């Protein structure tokens, strides 16, 4: 395969033990952390499209929506309105750095518990909000909860799951996000019909339900063997590993965990060490993957689906129903990813999803450009509206089985223990930073760039698909304690990985892996390196 992406699984270990009901149940409970993230993503766009919510908190925007002479692209262009959505992600960005230390020192489950409690408090404040300040403070608390959950849950899932189904179990987090989005969209569709104009309060307050689920679940969850060992409880970690693997014969896997922990304890400053050349692949991936995930433009659809559909001429009920349809597609497509990720690998899903998103975004941009031009004045026929909805659904489906779940899976599984919490913090903080930027800037971008906005995001999808093709090796079925073998064997990243970083690897095995990878890619290396130079 071209570009050095494929790496043979040389020297990978098959540990004893199987998939136990215990590990599946604990991973399902932990993945509920995605519900709080997903519910908020889904609820905010529907609420900002409710007239009574706009009348109370954003009267200027409400007046613009009633002005028939206003440019359709610009009706919702209000920075305070977008701050309602984006403030959560700014708080999540800051919280992720504190969550890194809590996750490392006190364990993954304590980080999840704290996140659930703070999110619960934010949901109560939002539901009871009497003014804009109360609304924004509630959103900031929600952001702290999301920052802690997003920091701890993907790491928890990757550490608990056996290598052969790690992808499927980890994607449970993304599955919970998509379910949360769909539930929020259904709630919005129902509450918008409530007489008296208080439906938005119910939509916001019901965020307390997934927060309670995460909080209660975290109390009863066990911590991961990695985390227990990291805090010095050797025998307790062994017993937990035996329990989640369903066998007493865990000596080989436990020894690898011990080796990884010993190496991690020698690292006093994970934030300083992640900048070392030996961790360059992980740092680059933990930075660029969440950046690319957000620059796909997916949250334009997820945050502002009802607003976007109303901008395109759908009525309020039709807009909310269209959002429900895209949310349903999101859930179903994530099931495809759960089925496929450990069978066909991460790269195959990344590449197919990227190409499908490119086609859909270009087609949507062309259609909107033809119908509304730059003036923002125009109408959609029933056929046109259905076709745009179909293209948006196809785009959402592509994201949901590729960049959505894999954007969380890859960073959580590639980092060695000594930098794992720092790497996940980088992943979450970059994700939150660009989620904030896009959420804050989208409505202004739509007003100024108009239909060209879809070409803008489509261009980035082309860049990131090329990046994956050349620089991401396949990590399917590789134990996370042996992930450095994959980087060592990669045509580009191998030069950064010292031999002693490959746990349990003999010089022969490393040389064999590198030689095999070089043989597979020798005819491409010269071309790629010339491009890079």
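Note that Cβ sites are derived from N, Cα and C of the backbone, with glycine treated the same way.
TrEMBL entries are annotated by machine, without manual review.
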Matching 258-282, 283-307, 483-507 to TrEMBL annotations, transmembrane segment lands on 283-307
In TrEMBL, of the candidate ranges 131-149, 150-168, 169-187, the one given as transmembrane segment runs 169-187
Expected hit for transmembrane segment in TrEMBL across 111-130, 231-250 is 111-130
Ranked by Cβ pairs within a distance under 8 Å of the transmembrane segment (80-99), the first of 19-39, 169-187, 422-445 is 422-445
Ranked by Cβ pairs within a distance under 8 Å of the transmembrane segment (451-472), the first of 111-130, 169-187, 199-221, 283-307, 319-341 is 283-307
